[in-house]
């Protein structure tokens, strides 16, 4: 009722200056329309039905004037209206329509050439007066309206509001004399929004919105419905005629104010100013491309939220801040799903996301026997979106290639880096093939393999050179046969006399200072070799002149007599007896 009170206040403020403006009340004949001379003409004979309009006329390219619809030979005579009925209309010169039957401008342009045409009240010319005459006083109308509104408040529910900005088109099935066929009288009037929404559309008739056919409704929605048909006013009126309805009172009050109303021109195919119409039909006509575009916009929004979430990871959220991007994304997905369902777009879920356990609509990733949202199929370690990159599975969790190799791939013992391709397993360790080489010379191992010492791998040559036993003669590694003597290993070819390099016969040798010698060189090294015969002294020996001699080999160098008495003379490292020394040197 607050809306009705506001309506009455608006009506009072609007009609406060009505006393300064004329109010025209006229009586409506059953087959008449206003002309430029402000008189009524009545059709003499019902004309034949005109042919259907051409396709050009329907498309709004050809404007048929109203005169073309008049049959030839029709004559109209002035007739007294049988009963008073107020008619209010307004038109402009520029009003035009594509079809005379569904146009407001055609009817108004045919009415006359004035800028604004108002119907003047005709005096009662009939012999018999009307049973009831409606009062033209504005006060009586207002009091009647107040009484009706009180009754309406007691009986019916209060309406939701009065849409003063909307325009309804009221069609009357009374035939118009000037058209020559059954037409519709078009009256512009405000209407209640609830009543308009509850009224059903009229099939096959003019569209309730500005006389456009319903099949060609440019707004794609359901416009305001037609108001109730006005009954034909004959000579007598009943109780219902005496008590006008709320709609008729509103029409009278609205049209009593001579405020110019601009004509509404509707061309079939375009509309000069689109009206706001809310309808479920408009929503159900959305195309599949529109739904796809909404999904693309949603994916772009998801990417923006992802970047926002990554940028805000390091910073703490202020107290009382906004909700998390995850909840906003869930809200967006839920609202999109409900909106698509309301619009009639079937969104069949392509599966349930393995991460968020929610249905998937749009792009889907299939991996590891599950379906995922693209933004939820991320690396378990770094939480980066995997997308179309390669990934590895570990314990049912996806990992990107970098993190998987970093976490689970074997490490090279040499460089400690992850092994991505080929691997060499040796010494209970793993190696890159290019990092498994000799620890001494750096050469790669050939078919002969490698040798291990102290956890390191060596080639054959370096291993024996470094760790194999060395020969006592040549100091080289002994690889095959060897001779063990003097606490040393010897190559067989290296175990010989260290002086004459003669192999030992029957394996017997003499040792001096840790080296093997033959008998001769052994005694020579030791000084036990007879200086006279150059043979080893195995028994008694005489030591003279820092030399050793067999007793029988120590003789005079001139007479060769044995010097057994123990006296001799030495001259030039040679022993002489005393008589020979005197003879030779004295």
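Positions of Cβ are set from backbone N, Cα and C atoms, glycine also.
Between the stretches 3-15, 16-28, Swiss-Prot puts its motif 'LD motif 1' entry on 3-15. Per Swiss-Prot, the annotated phosphoserine among residues 130, 199 corresponds to 130. The candidates are 91, 96, 126, 272; Swiss-Prot tags 126 with the feature phosphoserine.
Note on Swiss-Prot: of 220-241, 242-263, 330-351, the range annotated with the feature region 'Disordered' is 220-241. For the domain 'LIM zinc-binding 3' (471-521), the number of residues in each DSSP class (helix H, G, I; strand E, B; coil) is 9 helix, 16 strand, 26 coil. Summed and averaged per residue, pLDDT over the domain 'LIM zinc-binding 3' (471-521) gives 88.
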